[in-house]
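Undergrad: Structure incoming, see below.
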């Protein structure tokens with residue numbers, strides 16, 4: 001067998017295949033990324049949001065970005081030109097002809113299967129013409145001689161039939177789709193230099209840069225220096241007010257040009273920042289603690305305070321800096337909440353309860369998130385989150401009309417709202433306000449309390465691991481009042497629109513005849529029950545309904561125990577259920593096993609299923625980026641005012657979502673009160689808080705049936721040995 005042989009493409013004929021492969025593999029992902037098909041979907045989405053969000057800053061900025069169609073047309077043109085080049089390469093590659101199979105008859109100009117006599121005769125004729133001594137072509141003469149031998153020599157003819165070549169089997173050749181100049185000795189130093197630059201300089205530098213940057217950030221892309229700063233100040237100043245939280249937020253390393261090259265800094269800051277601080281009347285408390293007193297921190301704090309005061313800034317300098325600071329603030333505040341909980345857990349494990357971060361500090365951080373998104377202080381009227389409402393009008397509605405929040409304004413009918421605001425807003429503005437209220441959320445909670453590790457999943461014993469499964473259902477703020485009444489909001493809205501069309505501004509107003517609408521959230525309560533075996537045994541001693549105290553928000557989700565059947569047959573059905581369970585224990589075990597098997601795939605799907613990145617866009621007038629609705633769900637010990645569960649981020653609530661909160665029951669039996677809190681990170685005054693009370697029983701000594709059977713067997717064996 002012949003030796004292997006490598007052949008380089010000296011004429012760059014087959015290099016086109018290499019270039020074609022690289023071009024196609026590169027263009028496929030770039031076409032997917034650069035082809036502006038997503039821009040069309042984004043324009044359609046923005047068009048659907050225009051009726052509600054057209055007055056917001058983020059919508060106007062996005063509309064300006066979408067307005068430049070020439071960029072999308074340019075990307076289309078570049079992609080099309082690239083694919084045209086690929087098509088030309090493909091056309092050229094298909095036109096390349098491979099080396100034809102050797103055919104001696106063709107060389108001699110004979111028909112296939114010509115006789116030996118004809119071959120000799122034709123060879124003599126060609127020799128007279130092609131022989132070099134007679135002035136012929138030596139190359140053609142050698143080819144004719146080779147063909148003559150292949151057809152007249154027996155061994156050559158056999159090689160031709162077996163191997164396709166009269167010389168016998170040839171060496172296996174590998175074609176490399178690279179030109180030969182790459183391995184030319186004259187270019188060896190150049191090629192080695194390129195390889196050394198690529199693999200010894202560029203690649204290690206890229207990997208080292210990536211590794212260095214990844215080491216500076218946490219898993220949530222927060223600088224480690226920022227987390228160290230937050231931990232230090234949360235340990236040092238445990239009780240933080242919203243103003244102090246703003247100072248700590250402004251000191252984050254993300255706003256420092258030394259840690260973050262993208263942090264803006266300008267020579268004009270030396271003149272504009274003092275003027276801004278003077279206009280604000282100061283930047284509040286900060287002290288001399290570094291880095292709270294550093295220039296970058298003072299600048300970021302002034303920009304945050306200007307945002308809360310809704311002050312206009314220079315659009316080319318400070319306004320751009322303010323947008324940069326605001327864009328990073330929600331993620332930093334989320335990190336601060338997470339760090340506060342981790343510090344509490346660490347203090348709990350050390351047994352240092354005095355070192356925990358107070359609940360007031362954690363909730364102050366959450367309120368700052370709401371303040372920044374809505375660009376107002378937490379002590380101002382929540383009505384300022386709506387468009388066209390000034391501070392004077394919000395104060396008038398709050399003091400004179402009793403409209404202290406968004407829920408109260410949404411609870412009245414459309415005619416009443418029109419009567420309240422008709423002196424200050426025209427019909428178009430009133431329509432926009434109604435649309436905004438319709439997009440704002442109002443949530444209802446449904447919970448199930450279980451002790452999964454015990455046989456009696458309904459009985460909470462001392463020290464047991466309790467699982468609180470909370471189903472959060474999102475409604476529109478205008479839909480919630482009709483949901484509590486059992487009405488269909490769409491029909492009510494159509495009816496009110498038809499009535500409003502027939503009204504004139506000076507006519508009789510239907511709202512004047514009403515004594516007052518029912519406030520939202522004071523209707524039907526939430527069903528709070530412990531679900532599991534023998535649910536008839538659950539009584540008021542296990543869970544006690546507690547009416548919302550003053551200051552509680554979200555009356556639409558009042559915790560209460562509602563019987564599943566009528567009161568007359570409740571006791572009898574409970575006894576029948578207990579008798580049935582005792583009568584057939586195997587059915588009970590089979591049912592529990594089936595329930596467990598049914599729950600396991602659901603949990604698996606929940607872990608593997610991708611959560612949506614977008615939920616509902618938040619209506620925010622002055623926040624520069626589109627903000628999606630996010631929530632924190634947690635449980636609070638009312639007596640100790642401490643967190644029982646970590647603040648669980650709810651980031652994918654579209655219509656309904658179930659969240660599990662796990663906590664350990666108290667070590668002592670008794671009745672314990674908790675507060676379930678669902679807090680928004682974007683809206684002021686739309687949080688939901690409800691009281692629950694759990695009866696904790698004394699933990700009894702229970703033995704597993706298998707252990708009991710083993711002990712009985714051992715005792716019987718002992719008795720037999722004694723006998």
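Backbone N, Cα and C define each Cβ position, glycine as well.
According to TrEMBL, the protein carries these features:
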- 16-35: transmembrane segment (TRANSMEM)
- 103-164: domain 'J' (DOMAIN)
- 189-212: transmembrane segment (TRANSMEM)
- 488-534: region 'Disordered' (REGION)
- 488-503: compositional bias 'Basic and acidic residues' (COMPBIAS)
- 506-534: compositional bias 'Basic residues' (COMPBIAS)
- 561-588: region 'Disordered' (REGION)
- 699-723: region 'Disordered' (REGION)
- 709-723: compositional bias 'Acidic residues' (COMPBIAS)
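Let's see these features in context: how buried, what's close, how far.
TA: Outside the transmembrane segment (16-35) by six or more residues, the chain places 75-76, 78-79, 82-83, 85-86, 89-90, 92-93, 96, 177-178 with a CB less than 8 A from a CB of the stretch.
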Undergrad: What is the number of residues in the domain 'J' (103-164) that are helix, strand and coil, as DSSP sees it?
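TA: Computed counts for the domain 'J' (103-164) are 48 helix, 0 strand, 14 coil.
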Undergrad: Could you tell me the mean pLDDT the prediction assigns to the domain 'J' (103-164)?
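TA: Result for the domain 'J' (103-164): average pLDDT 80.
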